[in-house]
Amino acid sequence: MLGDLFTKPKKRKYATIPSDGTKADVPEGIMTKCPECKKIMYTKELQKNLMVCNYCGFHHPIGATARIDMLVDEGSFEELDANLTTANPLGFENYMDRIEKDKQKSGLNEAIVTGHATIDGNPLVIAVMDSRFRMASMGSVVGEKILRGVEEADKTNKPFVIFTASGGARMQEGMLSLMQMAKTSAAFKRFSNHGGLVITVMTHPTTGGVSASFASLGDYNFAEPGALIGFAGRRVIEQTVREELPEDFQTAEFLLKHGQLDDCISRLDLKNKLSFILKIHVKTPEAGGESDGE
């Protein structure tokens, strides 16, 4: 009996009764976490705010189709050259497999969408790059679609507005990719010589050969807040010049501060800004005139 005082008491066993109020898993896509401020918000609320964080103003990346839908007048967009696709000109191994995966992921045939549209009744030719497709790298088809878009704007006396987002030249197409820098820049110059209006809007990220060519050749050069814009990477530049670069180097705000941009515009204000500029430069029949150049 005395020994019972020092024996280890037996653990009681309890039955586990499942609760009807057990927390259910949140379906994927219902909530979105901001990579900048780490706040979590309803995806639908974020979409209503044009994918701009309600807390910190971070601009989430968006696809070409979504951007066109939020900018142009409903039903006004008519796509150009939708069937142009890459044909692997250099026979790069596994290149076409990657292209097919990006087609399925993005729903696009290439990394850029071009077409006719109107913004508040103002006609334009619009081009939007989509980073979901090969990081919107510029290959032969991207360069060709930009060229054709500019030529269409020239032929129809419309402004050309392009949204850039790119990792640079497409390495799988080698020299054919690099020549698109000169090809697109020359097209912009010809259009400018004919009195055409070009507006570029640089979004995150605009780098490499795209930033070094047509992206900065607009009559108006704008950017979204926080966009990374530059040619070479930060570490490469620091190792080359042997200097520590500013914290905000290669951001839209840094470029604006140093006179390389005309303005840094929130996505929430962009449509009104573009509409205002187009009204200044374009005469519409509704306004009692004809398009410039006619």
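One-based numbering along the chain as shown.
The backbone N, Cα and C atoms fix where each Cβ goes, and this holds for glycine too.
Residues annotated as Zn(2+) binding site in Swiss-Prot: Cys34, Cys37, Cys53, Cys56. Counting every protein chain shown, the Cβ of Cys56 (Zn(2+) binding site) has 12 other Cβ atoms within 10 Å.
Here Swiss-Prot flags 30-294 as domain 'CoA carboxyltransferase N-terminal'. Here the domain 'CoA carboxyltransferase N-terminal' (30-294) has a mean pLDDT of 93 out of 100.
As a summary of secondary structure, the zinc finger (34-56) carries 6 helix, 4 strand, 13 coil according to DSSP. Taken from Swiss-Prot, the feature zinc finger covers 34-56.
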Binding-site residues: Cys34, Cys37, Cys53 - member with fewest neighbouring CB atoms within 10 Å:
Cys37
Which chain neighbours of the Zn(2+) site, leaving out Cys34, Cys37, Cys53, Cys56, have a Cβ atom within 8 Å of the mean position of the site's Cβ atoms?
Pro35, Glu36, Lys38, Lys39, Asn54, Tyr55, Gly57, Phe58
